[in-house]
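Novice: Encoded as structure tokens, here's the structure I'll be asking about.
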Amino acid sequence: MVGELEFEKPVLELRKKIAELKEITKEADVDLTDEIEKLEVRLERLEKEIYENMKPWDRVQIARHPNRPTTLDYIPLLFTDFIEVHGDRTFGDDAAIVAGIGKFQGLPVTIIGHQRGKDTKENIRRNFGMPHPEGYRKALRIMKQADKFGRPIICFIDTKGAFPGKAAEERGQSEAIARNLFEMAGLKVPVICIVIGEGGSGGALALGVGNHLHMLENSTYSVISPEGAASILWKDASKAKQAAEKMKITAPDLKELNVIDEIIPEVKGGAHKDKDLQAQAIHEVILKSLKELLKLSEQELINQRYEKYKAIGQFDLQNEYITTN
Amino acid sequence: MIKDLFTKPKKKKYATIPSEAAKQDVPEGIMTKCPNCKKIMYSKELTKNLKVCFHCDYHYPMNSQERLASFLDEDSFQEIDRELVSTNPLGFPEYLEKLEKDKEKTNLNEAVVTGIGRVDQHEVAVAVMDSTFRMGSMGSVVGEKITRAIEKADELSVPFIIFTASGGARMQEGVLSLMQMAKTSVALKRFSDNGGLIISIMTHPTTGGVSASFASLGDYNFAEPGALIGFAGRRIIEQTIREELPEDFQTAEFLLEKGQLDAVIARAELKEKIATILDIHQPGGDLVWLEN
């Protein structure tokens, strides 16, 4: 089966067996109901065991699942009247980021998100969801527009990272990312960021300086991909699995580090198993965030964002250097 | 009789030239030939289809009257500043005569029509340029009328929508034309700072000083399919850089790819899309939303 993940194989096999038995009961004259019931109990236990004890690497696999819902999958499930807008008005239109306006339960909002492709052809067009500077500049243009009209901004983060390439460097990839971090700090409207897949480094953060930062349960957010970290630390990209364990990149890890606000629970086995149900869970969290943030004034929103990011980071004080004035 | 059906008609040995009377049998303008795909259509059907070719989707240029009729709610348009007419500030030879000729031909006073109207019940200030009058070129009157329409939008706190179609600045008014770019832009800046919504819809052709001022300053910049949009003309660029340009150079689709447009919108969907945007931009919804 396409997209079958290694760690969930026992579950899938058991499920297949139950289906087979059901088929037999229906077609032949043997009654296997008892047998099936027993297996179903076992399946439930197995599912609980496997899906509730997922290792970081398992989550990485789910976050990268080819069928994992993307920004454009969620948009029609969460918003109405969506109109996509294009272009940075300077160089190009980067299909690795989608942006537009629409309504969330009747409230006008601006929506921005990374966008992967669903197949090879679309992936090439969208550069596998890895933006160039013009993508970030489009996002910034649309954020400023939202700022002008007082619309809350909702960002979906889902990228392996900003594209590492010659053209991207020539056009100022670093500047484009930096500019977004800087300008997002000053937005006078609520900004809600949700990591729905992979949150790859600076390329993810460039849509991520928000008042609230949420993560889907099986998404990841990290300074570098596990493969990248393994090759830098141990000169061996194949040690990605160990790197994934060490780097604390899963939603529960980031919650523990006080980097994110809420973990959005996922459908059992991952968002790709039921995107409608998943969208409902995201909907709830957006609603809650909006209700909280819309009560704040423009200045309060800016201050809240300032405090949020000021508070991230850990350090100690060494006694002999403490001076008292 | 039946046999006749299956035999080829004999070819005539000589061509028949229709008599004058026969020619006049078909009234002028009943059929239209698409300049793009060369297919022939009934003019009335074409008009009903918002002047978009049935076969190849070619968007015929619309004059201001056709545009207002197709875009605004019925009978909602109230024209303003129709009384403004051009003078000949530089004493340019034959300028006034040319203006008179176009006034007669088009039944317009200048190359832009401005006023107040409604789009799906949303009140807007609107300016529609008309390329049938002096190629839609911008002189003092065009600049002034557009600026007044922007001020009207500001005064009424309604969105400003402009349909551009222009060859650029009007040569016969020299530097006064050039300064209309600044005048309209200054007005748009104030309107924008006051929170005004600006929507620009570029139609064929939008070039020169018009593309380099208000046409490009929308919160949303849209274009009609196939519209020619650019600053310098193709010939000038080719002569300057001595290079041949790609075929789709300066088309709406080309500009969309180059990041200059928010979207290219087919005429059939234009009103509905703009109405949705106007709806999303209705002011003051936050607190009401919170209460519900």
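Backbone N, Cα and C atoms are what each Cβ position is placed from, and that goes for glycine too.
Note that TrEMBL annotation is computational and uncurated.
Copying in the features that TrEMBL gives for the protein in this structure:
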- B:30-292: domain 'CoA carboxyltransferase N-terminal' (DOMAIN)
- B:34-56: zinc finger (ZN_FING)
- B:Cys34, B:Cys37, B:Cys53, B:Cys56: Zn(2+) binding site (BINDING)
Novice: Return the average pLDDT for the zinc finger (B:34-56) as a whole number.
Specialist: 92
Novice: Let's check the environment of B:Cys34 (Zn(2+) binding site): how many other CB atoms sit within 10 Å of its CB?
Specialist: 18
Novice: Ranked by the number of other Cβ atoms within 10 Å of their own Cβ, which of the binding-site residues B:Cys37, B:Cys53, B:Cys56 ranks first?
Specialist: B:Cys53
Novice: Please count the residues of the zinc finger (B:34-56) that DSSP assigns to helix (H, G, I), strand (E, B) and coil.
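Specialist: Secondary-structure composition of the zinc finger (B:34-56): 6 helix, 4 strand, 13 coil.
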Novice: Take the mean position of the Cβ atoms of B:Cys34, B:Cys37, B:Cys53, B:Cys56, the recorded Zn(2+) site. Which other residues of that chain put their Cβ within 8 Å of it?
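Specialist: For the Zn(2+) site, the extra neighbours are B:Pro35, B:Asn36, B:Lys38, B:Lys39, B:Phe54, B:His55, B:Asp57, B:Tyr58.
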